[in-house]
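What TrEMBL lists as signal peptide is 1-21. What TrEMBL records for Asp64, Val67, Gly69, Asp71, Ser73, Glu84 is Ca(2+) 1 binding site. According to TrEMBL, the feature substrate binding site maps to Pro158. Taken from TrEMBL, the feature Ca(2+) 2 binding site applies to Thr189, Asp242, Asp250.
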Amino acid sequence: MGSHFRFLSLCLLALVASTHAQLQLGFYAKSCPKAEKIILKFVHEHIHNAPSLAAALIRMHFHDCFVRGCDGSVLLNSTTNQAEKDAPPNLTVRGFDFIDRIKSLVEAECPGVVSCADILTLTARDTIVATGGPFWKVPTGRRDGVVSILEEARNNIPAPFDNITTLQTLFDNQGLDLKDLVLLSGAHTIGVAHCSSLSNRLFNFTGKGDQDPSLDSEYAENLKTFKCNDINKLNTTKIEMDPGSRKTFDLDYYRQVIKRRGLFESDAALLNNEVTKSQIIELLQGSIENFFAEFADSIEKMGRIKVKTGTEGEIRKHCAFVNS
């Protein structure tokens, strides 16, 4: 019995090892050696025309990984509007066309070899680096998922109004911890939000026409007076998540959070837990290089969530459609 159990354990270990071994740096070195260069070249040629795409694409990568793992399922279209991209959290996600254009260039070089999941992961990294943000390693070999369900996106992607308990649960479900929550929230340093995502905090927090007391009152007044002042345009009016520093990937987002000027309830929630609060204080006491290194570790970890490798999934020909 003991030897049989040991044999099974060894088989299981070998299986786990092989699954992880299939995600590796330079996975396409032989099958499509120019793939990563093609992606980087396209990013360098186009990102400076639309630098805000860096924030949009890192958000897309995040939303992809939190639903069925990093498998490119966020890119899929649905004829009945029931895919992940049709879910409320993804209605403001941008950059699908950018990914499609890169995919067509890579397909022209090596048809049916490089997954959309890898293209999205590499592009998110390259656009962040090209706009002055941190570099992180992207091991490749992900395969594309063939399922994309609206409800799963609604249930698994953290929302702007989530409290710390919900955030911790959603991150924990993906094998990420509170430190990852703080570090990945740091990407808000280059983000923009729509007024609609914080209208409750400003105008109707408890349903009595009141304001969220956890939001700095002077800042709230400023937002109501100068930014989110037209009730009919809350869905289209954009505001910087890191005012005055939105184009720079830096620590200023955390300074805003500490001053109770984080835009979302989920930003403010980071102060409601001793671990996350002390993490922020520690980051602010450290260097930008330290933040970049820690952020790189967390986002590389995120990029490994429930990846499909080997013979799982497929390599899509077009990112918006499964192969017929």
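Counting starts with 1 at the first residue shown.
Yeah, the Cβs are placed from backbone N, Cα and C, and that goes for glycine too.
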Going along the chain, which residues six or more apart from Gly69 (Ca(2+) 1 binding site) have their CB under 8 A from its CB?
Gly145, Ile305, Lys306, Val307, Lys308
I'd like to know which of the binding-site residues Glu84, Asp242 has the most other Cβ atoms within 10 Å of its Cβ.
Glu84
In whole Å, note down how far the CA of Thr189 (Ca(2+) 2 binding site) lies from the CA of Glu84 (Ca(2+) 1 binding site).
25
Between Asp71 (Ca(2+) 1 binding site) and Pro158 (substrate binding site), how many Å separate their Cα atoms?
18
Shell of the Ca(2+) 1 site beyond Asp64, Val67, Gly69, Asp71, Ser73, Glu84, same chain only (C-beta within 8 angstroms of their C-beta centre):
His63, Cys65, Phe66, Arg68, Cys70, Gly72, Val74, Gly145, Ser148
Just give me the nearest neighbour of Val67 (Ca(2+) 1 binding site) among the binding-site residues Thr189, Asp242, Asp250, Cα to Cα.
Thr189
In the same chain, outside Thr189, Asp242, Asp250, whose C-beta lies within 8 angstroms of the Cβ mean position for the Ca(2+) 2 site?
Gly186, His188, Ile190, Ser245, Arg246, Thr248, Phe249, Leu251, Asp252, Tyr253
Neighbouring C-beta atoms (10 Å sphere around the C-beta of Asp64 (Ca(2+) 1 binding site)):
32
